[in-house]
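Enquirer: Before I ask anything, let me first share the structure, which is written out below as structure tokens.
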């Protein structure tokens, strides 16, 4: 029934298996990839014809993590997988980016690639496996895919590269890098690093490329057994003659338009040239399809003119040299009520970045295959349509916004202080108000300044730059700080961010078959110079982290208590901690190790909660004076609560120096008093005194009461004249015979049974009376 084809290789200490022919057989291509006990299925389907009017390549990639893969049931009301999570969106983009350039120009058939995680062992991450499965499924499907590609994750720990590291190794190490590559060239790089040098980053990419080659060989071996017949693709018509005609008609107009430095003016001039070409097509009697094809040739002509000017004349669209950075203006404390803010402008790209500080309960909860986790640093990137002067959708973030936000997050995450150093939840927002190239790197620069403005003690400021590439044969030009048009018309989008000490993130997308090591090294070196320049401009706005938090930001104070005291602070059913929060107004969080975080925007509230907790966990000291409150009156004295959670007895004789007939005449419940600890017995019961403390000032008074004289007992005589000694056998007492023993019967009436819970109305009973 099944015609199963399978290929296995040893890869990174595990067995990688690619299998087809058993599952999803109606798809054009379907592959199950297995690494360890992690299993991913990717199925590819393609439309057999192109939709009318289609003028772009409609490739859609969906990555989904099934909760059943990790033996979990989804949370929430519906108990099933819902819309894509942030991770699923990011992995979908990770798969899409390296495979999209490998389809031929002019191929507009719709393609779906759906990758589903079916099993997860908690050790081998499924994202890399999904990339491999997608590449293999496309390769055997018969669609015109110029792959295959391989994918690999690389870590860097103790000076050594690690292929497909575990989560623990990534956390301990200095690098998390993902590479996708064909056998001959790197297609995509995505990374986060702890300020690593260009040499280490380049070495990691080359190490990953070697690992990708092994995967590519395995996919080719599978395709030799299971590939379907390749699709026949109609050859594109020779458009040389039409291009020459257009060059004569609008070539000068296009060249003049690309010399305009203002984006809006340039766009208007280009639209006029395109309209002129379209009128010519219609005048020649071309049908709508032919007109559309002609417009595509106009775009090719635009690319040719711009690329030639850069390569031959060294002239960029806005007149800059290849290494020149656009003018930069940075301003901090841009918004008066934000905890931290910055306005960062680079040429025609601008962002308003804000930093908001919160407490632990503001952390983002993430529910994934590994279970629940919490993230205390968030970065949200927003790209409204007005930023490019267009009308469009405004609302929930799309895939692009999620991806750009995560790139900026990776750039800034390595320089954050630890949660012990800075126990705040941090949310950065980057609202792009103008865009003409590299808005994600503007978000990095603006976000770094906003955190510094908020008083977040980051290690060092971070700057970012976007690099471009124009490659024709052996000739190439590397461009620093690319414009949007240079991105669209170029061959590479290479973003690098880092501090003065090293790289924190690197992202590269290649739109051609790949680049050489020489070009990669040159791009890294040129990016380093650009980052240093941008960092210098940022330092003019704010050279160091502000020493004080914003007056509008919450304050957090931490205190460590003995783990044995946690139950005392929380109380039965959380009664004590709820009372602290309700009374003081401060938020109180306590973890299993006894670390307490007290937060509020009011310092007095924090101090009140701190004193309360300190009183609960502190041990009373004999001879020390404390503030207390009367909580219960009894005939023989008063019980006083002090140090927040301790009770002691002030005996009636210790209330005043003079005799007190009735306690209620001089004290009342709820009355604030000052007491001195006289004694703590071995069972922890505390004896207090009020009479030796000035109730107004709390100062200790001299004890003027004379010490009690010991009672004289005199000579008690000889035992012999005191009557018979009482022992176990003699029941007489003082010569009198005792009456009969009273058993359960007799005339005493019914015996009173005592409730296990004690009297119903005892009032406040101190802890030491509950023993």
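Placed from the backbone N, Cα and C atoms, the Cβ positions cover glycine too.
Found this in Swiss-Prot, in case it helps:
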BINDING   487, 493  Mg(2+) binding site
DOMAIN    554-613  domain 'KH'
DOMAIN    623-691  domain 'S1 motif'
REGION    696-771  region 'Disordered'
COMPBIAS  702-771  compositional bias 'Basic and acidic residues'
Enquirer: Taking every protein chain shown into account, which of the binding-site residues 487, 493 has the largest tally of Cβ atoms within 10 Å of its Cβ?
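Expert: Max Cβ neighbours within 10 Å, all protein chains included: 493.
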Enquirer: Summarise the model's confidence over the domain 'KH' (554-613) as a mean pLDDT value.
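Expert: So the average pLDDT across the domain 'KH' (554-613) works out to 91.
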Enquirer: Let's see if you can do this one: DSSP helix, strand and coil counts over the domain 'S1 motif' (623-691), in that order.
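Expert: Going by DSSP assignments, the domain 'S1 motif' (623-691) contains 6 helix, 35 strand, 28 coil.
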Enquirer: What does DSSP give as the helix, strand and coil breakdown of the domain 'KH' (554-613)?
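Expert: Per-class counts: 32 helix, 16 strand, 12 coil.
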Enquirer: DSSP three-state call for residue 487 (Mg(2+) binding site): helix, strand or coil?
Expert: helix
